[in-house]
Amino acid sequence: MSLVTAALRRPITTVIITLSLLLFSVLAVLKIPIDIFPQLNSPTIYVIESYGGMSPQQMEGFFSSRMQDQFLYVNGIKNISAKNIQGLTLLKLSFYENTDMAEASAQVALQVNRAMKFFPPGALPPQVVRFDASSLPVGQLVLSSKTRSLKEIYDMASTLVRPMFSAVPGLSAPPPFGANSRTITVNVDPNKLRSYNLTADEVVMALSKFNVMSPSGNLHLNNTMYVTTINSLIKNVADFADIPILTKNGIPIYIKDVARVSDASDVTVSYALINGRRSVYIPAVKTSDASTWAVVSNLKAKLPEIQNLLPEDVKVSYEFDQSVAVMNSVQSLLHEGGLGALLTGLMVLLFLRDWRSSLIVIVTIPVSILIGVLLLTLFGQTINIMTLSGLALAIGILVDQATVTIESIHQHQEQGTHKRKAIYNACQEIAVPLLLILFCILAVFAPSFMMTGIPRAMFLPLSLSIGLTMIASYFMAQTLVPILSNWLLKEHHIGHFKSDSPGFFDKFKKRYRFGLYRSMRHKGKVIIGYLVLTLGLAAAAFVYIGKDMMPKVNNGQFQLRIKEPDGTRLERTEESVKQVLQVIDSTVNHQVAISSAYVGLVPSSYGVSNLYVFNTGTHEAVIQVNLNADYHVNMDELKDVLRRNIHYKLPKLRLNFEPIDMTEKIMSQGAATPIEVRIAGKKMDELKVYADQVVSALWHIDYLRDVQIAQPLRLPTISIAIDRLKASQLGLQMDDIARSVTASTSSSRFTQKIQWLDENNTYTYQVQVQVPEYVMNTMDELREIPLVKGQLTPTLGDIATFNTQYLPGEYDRQGPRRYLTVMANIHKKDLGTATADVQQAIRELQAPPRGVVVEMKGMSTLLLDTMGSLQLGLACAVVVIFLLLAANYQSVKLSLTALVTIPAVILGSLAMLLLTGSTLNLQSYMGMIMSTGVSVANAILIVSNAEALRLDFRNARTAALASATTRLRPILMTSMAMIAGMIPMAMGMGETGEQAAPLGRAVIGGLFASTFAALFILPLLFVWMKEKSTFDSESLLPQDEPDHQKLLVEKDKYSVN
């Protein structure tokens, strides 16, 4: 039993099933996650290890190399890259597609445990984090107070606010930014130490001996069991000052005699500035599978509860809300889709001139879309710009299915068939062609299942949204449409649609048929000219058009990284940041809504925070600026003005604008700039020389900006060379010397673990000995560090020499090679052109030294991979459609005939993109592929009907004319309806409408061109292909032999007058 028969036999049951599906669909719409992009599921694991005070080279040798060796035993690893800066190693493990990441994480953790056996003493276990491009900050929770210190605010953020994040589903809980962890500091005075003949290490030893964690025991006295406690731990911070260091001549020397104890924070290495004032914030980081909108909404709902936990003078606010951009994108697409559906309905009404028929067509659109959303939830998809773009695209195709059905019903009624019979016959007649159209459009998107990486993650949700909605539409066309037609349409007599005088469309149809008849005399020349022209122009347009990953969006935000000369003190960099903020504010006429800046390194206690903000030293800062919503400016032009203004005021600063919004960050995959050139090898000197040549070459490309080497290569270093012979003669050991130097120039945090328990909040804090930075600020102070307990001499200067030099501040490595990165931004140019120009500039350089490898990285590589995947996908789609048509028609000629519109689609899409100044990107490419499916659908309507008529008339020319004339109105109606539906999207209305605009423009251009080809070229090719073909069946069964005596009773029905 066919679908039509079943639906018409039990119409109430069919309607009830449809309504039930709509109910579940509405529930699915209310619960489906909302985000900017689909889940990317990037198979990546990060391993982070911190060890304060170690040089980049030491971090590379003692940690990074050891772990890389062990990770080679992990299955599925694609590559391992490492960044090593002072006190930090950050390893990125990339895995092949379809790797079991749960098992991979377990294997990585196991190998980390093995590598720890080789770590230096005092090293903490590394952090293993599953992190990908979708795990991004979606805002900042800012804490501020006019009366409290940063240390107090930071401690509240850590102990009160951060634990609340666990109550928000899908929200990670990274450490706060803006200050250092609360620490009990013992600031020793070098002069007082020398006066008592003490070293800083002796202070450390005294603390460790008189502040000891001891478990409690039990004592049974009579019938009572007592818990026995001992005051081995210091309870009050002030009591640390009364700890005796040693006794000389019967007189004890206390810590308070040589040091000042305070409840403070670790050595300051960073500041966070909100609107130029020091503040504390916690980044709100969503997990990769969480909905941005749901996470932010739930966090905002928690704000009153969080505020109640804090004192009244501490205020909490949510800033840099990325969910606004997400909802703006979603609302823009919904608005464009709704307006497109309205225009589509009006276009259908214009062609059908029957409000009842138009109503039936329009009703099927939301029904099919809602059922499609229900099916999307079953496939684990979210509402994002890709699925919404697919649903918006599907509107035109949904109209096609319903319109063809209604048009066929009207044709049968026009021939005098009773309404019920006309509906049944029409639906049965077009069931197979509609199913073939469905398969062909689904075939267009089938290659998305064979893609990998970003192209698959982006293209598959769009394919599913269109495919699932089309499947729903097909079932509606075969079930709901015939039922509604029976209930709503009226009986029509013969000639109901004809008037006494021919209308505009009748005149147009007659002229079209006459023009098509005349062009058949020159069909060979027309077809060859068409193919040569379309293929040639399409190839030229493809070479000329700009290529990008995604359309650029002006969202009123930007992120700027500034770099002072390597090694600049934190306070000087902070001052530069404040001056930059002033320049920005004056440049935009005081239209800054909020600004955020992070200056300096991430504290060594929270190495995982480097996943969110990565600075290589105190000379770096990252600034984020959000402009007022009503301030509209071209961001490329604004950035260029800011470059000039900042360089004028601060000429030594190096600038680099980085991705800020979620779209840019996700597509950049961690790259700081669109252009990245990696120079890899074994010798840093060779890499530096060749990287300088690349920088010089890129400076000559006039549209590149911020060209620089990413890594700091001139970090000021004081090399302390210990004379081991002298040290041995003086009875010194290297361990004693190192501990004394570390306690004086850094702190004892990593050399001796001493903790204090705050009984008020039940948290433990580090106790550390250090020499204040304002004291240890000359070379003489460094030389006078005492080394022997109880003696003024020898000092460090007695056994060591000091040499000031410049060394790399960062060692990056991938596999066995170190590498340097030359990066650059692009000003008003597409990524494809920039990539080609950079590659050409590198080719013109001298060949790199032996062992040095130069390659493009970052978004350039991603663009090439994506374009390659899409081109292969388009080619595969054409092949799949051809095979599908050949299987249906049992004819290679007919299959090739149906594909003749594809060159017009490609040319039309590229031409429209060029005319509107758009680039060929992921969105526009999808629009082109979509247009290919629609063009084939129109071609199928003509070819299927023409072949059936050819077998009836025994004349290919008459059949082509009849078929093209009969299908003229359905093709024009569906094409114009889809074009009308795409106009709002193509106009890029709304704040983020630019993201989907190229998709709509590609569809409009492709449909315009393909409609022309389907109506004027396709019939000619059909005649050319089938003019001399036989009428025999392709079947090999003898009973399928055709009746050659069949009368051609309708031979002259469509003849041209």
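Glycine is treated like the rest: Cβ placed from N, Cα and C.
What you are looking at is a predicted structure, and each value in this text was computed from that prediction instead of being measured.
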Among ranges 10-34, 385-409, whichever one TrEMBL labels transmembrane segment: 385-409
Contact set, same chain, for the transmembrane segment (894-915): CB under 8 Å, 6 or more residues outside the stretch: 527, 530-531, 534-535, 537-538, 541-542, 544-545, 878, 881-882, 885-886, 924, 927-928, 931-932, 935-936, 938-940, 943, 947, 998, 1001-1010, 1012-1014, 1017-1018, 1021-1022, 1025-1026
Seg_contact(the transmembrane segment (869-887), the transmembrane segment (430-450)) with at least 3 CB pairs under 8 angstroms, min sep 6: yes
Positions on the same chain near the transmembrane segment (970-990), where near means CB under 8 A and six or more residues out: 328, 331-333, 335-337, 339-341, 343-344, 346-348, 351-352, 389, 392-393, 395-397, 399-400, 403-404, 407, 916, 934, 938, 941-942, 996-997, 999-1001, 1003-1004, 1007-1008, 1010-1011, 1014-1015
